[in-house]
Amino acid sequence: FVKSYAAQKDACASTPCLNGGTCHRNISDYNCTCRTGYEGRTCEIAENDNCASKPCKNGGWCQNSATHYKCFCETGYHGLNCESVPYPCGKVMVTSSTEATDWSLRVIDDGQSRRGEHNLEVNEGNERIHNVSQIHIHSRYSQATFENDIALLKLETPIEFNNYTIPICLPETDFAEFFLMNAEFGAISGWKLRQGRVDHPVLFSVPYVPFIKHSKCVGLQHFPVVHRMFCAGLEELADPLCYLTRGSPFVTKYRDVWYMTGMSLGVGDYDCDVIPVYTKVSRYINWIKTKMTQSS
């Protein structure tokens with residue numbers, strides 16, 4: 001009797017029931033009562049185990065839920081399943097080239113876009129031309145107040161990425177508002193214009209452009225600087241920044257990844273010599289996603 005009782009007593013001592021299951025002793029063994037969503041002798045099987053197929057690659061960790069799974073990736077891997085991609089968004093390629101990588105795209109008046117451009121006067125062999133099949137201009141764009149100054153282009157053919165043409169990451173709205181827009185610096189690149197003509201053919205980059213508080217920015221311009229805009233720059237940077245081509249990308253770095261946070265307003269549209277103003281991309285993420293879905 002003592003031996004049998006000891007076996008009965010110790011059956012649940014090792015807490016064999018997993019995932020919150022309750023252990024019940026019997027004469028010589030135990031039974032598990034599983035929580036909702038789990039089954040098996042030790043409640044080890046999730047009824048909807050979305051991680052059972054091991055979808056996360058390259059050492060990624062899979063987190064299961066009732067309807068889906070989420071992969072947490074090791075450094076250097078990206079995507080839904082931590083797949084290895086040759087040109088992940090927002091990652092500057094390390095090459096032997098002395099030229100910096102910039103997230104700029106030249107739009108040509110005849111309905112084409114040119115990517116991989118660096119020097120407008122020299123064919124360097126990295127340029128590629130893509131026809132534009134659709135242009136989406138924000139329906140509430142105001143030429144008078146510069147509100148909603150954003151457009152989305154759909155290309156006829158996909159872009160092939162290389163060391164001269166890499167994608168920039170689009171942040172989620174909350175991540176951009178709470179982290180990226182509270183960074184100290186961003187960076188911008190584009191071509192310089194003077195009186196509507198290219199002043200300098202080589203792509204111009206400013207790697208450290210400080211953000212300006214919105215309250216200060218509002219009082220410096222003659223038009224309403226709404227919360228869909230932001231200011232960045234210094235007095236000594238005003239001249240080169242003011243003459244960058246309209247729509248020049250403003251990017252912000254977070255944990256070695258660059259994200260698109262703004263686009264410059266047009267040259268000569270406003271008193272840029274004070275402080276440059278940018279369209280805040282994070283306020284248009286849902287609009288971008290909607291237009292991309294409608295165009296697919």
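Any Cβ shown, glycine's included, is placed from N, Cα and C.
The disulfide bond annotation in TrEMBL covers Cys34-Cys43 (among others). Counting every protein chain shown, the number of other Cβ atoms lying within 10 Å of the Cβ of Cys43 (disulfide bond) is 21.
According to TrEMBL, the disulfide bond annotation covers Cys73-Cys82 (among others). For Cys73 (disulfide bond), other Cβ atoms within 10 Å of its Cβ number 18.
Annotated domain 'EGF-like' per TrEMBL: 8-44 (among others), in sequence order. Per DSSP, the secondary structure of the domain 'EGF-like' (8-44) breaks down as 3 helix, 10 strand, 24 coil.
Taken from TrEMBL, the feature domain 'EGF-like' covers 47-83 (among others). The average pLDDT computed for the domain 'EGF-like' (47-83) is 79.
Residues annotated as domain 'Peptidase S1' in TrEMBL: 89-293.
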C-beta crowding around Cys82 (disulfide bond), within 10 angstroms: 21
The domain 'EGF-like' (47-83), counted residue by residue under DSSP: helix, strand, coil: 0 helix, 10 strand, 27 coil
